[in-house]
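The structure under discussion appears below in the form of structure tokens.
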Amino acid sequence: MFNFKLSQQVLKNSTKSIMPILKKPFSTSHAKGDLFKYQSQLPKLPVPTLEETASKYLKTVEPFLNQEQLESTKAKVAEFVRPGGAGEALQARLNNFAADKDNWLAEFWDDYAYMSYRDPVVPYVSYFFSHKDVKNIIGQDQLLKATLIAYYTIEFQEKVLDESLDPEVIKGNPFCMNAFKYMFNNSRVPAEGSDITQHYNGEENQFFVVIYKNNFYKVPTHKNGQRLTKGEIYSYLQEIKNDATPKGLGLGALTSLNRDEWLSAYNNLLKSPINEASLGSIFASSFVIALDSNNPVTIEEKSKNCWHGDGQNRFFDKPLEFFVSANGNSGFLGEHSRMDATPTVQLNNTIYKQILETNPNDLIVEIGSSAPRFGNAEILPFDINPTTRANIKDAIAKFDATIAAHDEEIFQHYGYGKGLIKKFKVSPDAYVQLLMQLAYFKYTGKIRPTYESAATRKFLKGRTETGRTVSNESKKFVETWSDPNASSADKVATFQAAAKQHVAYLSAAADGKGVDRHLFGLKQMIQPGEPIPEIFTDPIFSYSQTWYISSSQVPSEFFQSWGWSQVIDDGFGLAYLINNDWIHVHISCKRGNGLQSDHLKWYLVDSANEMKDVLTKGLLTDAKPKL
């Protein structure tokens, strides 16, 4: 798609210094490691039976229906699964379709869930991590922090390229590592109807991109086949900070547009070979680091900067984008289309652990004694015509309006965490899910469909399944705990039953035995012109997939916040962390629909305190000592 020979010629003719083209691979060894050694052994994603999905489906919709509605839905499901019914035919087609596929769902899912989605990726799709503070000079110095992020990210990339990174194995089950193929040198690119993924050879594109003052710079990752030293990386970043080039117009804001609008602006940009070459470099880069000029202090300010910033000193189509503010605060944003959060959590955990272990005095000495670097950072030139200038102005205005329409709060509860929760002999994930359901019920008085992401990476090319976290048991739990006349014993009993059911459903979902992906697959098997089975036209079908709460957690001791947007206008996005001594929930919702994030935050505090009090007394009270 992109003319790289032209790109090189443009840069040779520019007034900026040029960087030698690197041709040597990262390593002279052709031996590969174990990163993908389990791939051929991974099972394929199963196709559940009609009967098990139908049974689960009815149980998941029951909390939302009165008896008459439930009987109507049962009749439609029974008609669907009966011998000779539509479900039987669709199931046979799906089984046949799946027979020769690595993963039957992957054939549809990336396009359906991500690539054909036309709303802006930020704030609606991408997710952010806000890194915890580093309590030394590294955490206060923008260039020191950015140097280490770049250095350890390049090191991680080398392990992916030579496959020496250890494959992930959880409780004896190897996980699919396919997503790591799309981690580096990759970008989402706007296209008609459905976006595409543009992937580049990492050994032929040994550079990353730095964004500073809305300008884009190309920085090498290797010299003569060797990773740059920390001192060399620092020197490049320092050069960029000292560059007198005026602040850019904010071309990165174009990536915040609706995808069709971004496509139109993108096609206009491509009319210039200069733009085509520069965009090609950004797309092909290993990753992006944005050096911001702001100084976020509170956890809310840090989260907002990582989630969206001002929308200009960014390039939202890259799957790996790091941010470092002027005061050293850092974070990460992940474009979601080819990778879920678990691979990028591993990346961030790995590099941040190394940053925390770095001795700042040794780092300063190492940088000060570094040999001179071998070239200069290249600024990527852009030819901004009047149409592009107007498009950028329009993108900035729309981005500001979109962000202003969002209401964001942070529930950062230092009262307790998984250390205490485990003493209740319950899954910490189930506990926090019930905490959020209780808070939502106290706030709205309603029980609404709730989504939790369940990883299916134990299967080849597995990504996620829906965890339907609302159940008859969780309904009983929130109703009992909201009843002033309920006894503590009843509260404990309903809590335990709801937690048990939660674990059971999430475990089944992780085993590929959820409801939503199977029903989705069956629906894809309907041929043009065929009647739509009533199970799919039943109002409860769409309602039960309307996520008034969209939730997920990630495992990290190195984040202080993470999050994303709500998925419907009158819903909440709830991203949570469960650390040993604290619980975090990032709350987002749309303004103007009667919901307020600070109100839900208050009910989260209230519910967290109540659950701790009741369960401590009901489950942890020591037996009286014998006389």
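Note: Cβ is positioned from N, Cα and C throughout, glycine not excepted.
Cross-referencing Gln545, Gln553, Gln560 with the CoA binding residues that Swiss-Prot gives (Lys418, Lys422, Lys423, Phe424, Lys425, Val426, Ser427, Pro428, Asp429) picks out Gln553. Per Swiss-Prot, (R)-carnitine is bound by Tyr451, Ser453; the candidate from Thr464, Thr480 named for the same site is Thr464. The Cβ neighbour count for Lys425 (CoA binding site), using a 10 Å radius over every protein chain in view, is 10.
The two recorded residues Ser453 ((R)-carnitine binding site) and Lys423 (CoA binding site) have their Cα atoms spaced 25 Å from each other. Other than Tyr451, Ser453, Thr464, the residues of this chain whose Cβ falls within 8 Å of the Cβ centroid of the (R)-carnitine site are, in sequence order, Glu452, Ala454, Glu465, Thr466, Gly467, Ser550, Ser552. Here His336 (active site, proton acceptor) is positioned 35 angstrom away from Lys423 (CoA binding site), judged by their C-alpha atoms. Thr464 ((R)-carnitine binding site) sits 12 Å from His336 (active site, proton acceptor), taking the C-alpha atoms as the reference points.
Other Cβ atoms within 10 Å of the Cβ of Tyr451 ((R)-carnitine binding site) number 24 in total over all chains. Taking CA atoms as the reference points, Asp429 (CoA binding site) and His336 (active site, proton acceptor) are 22 Å apart.
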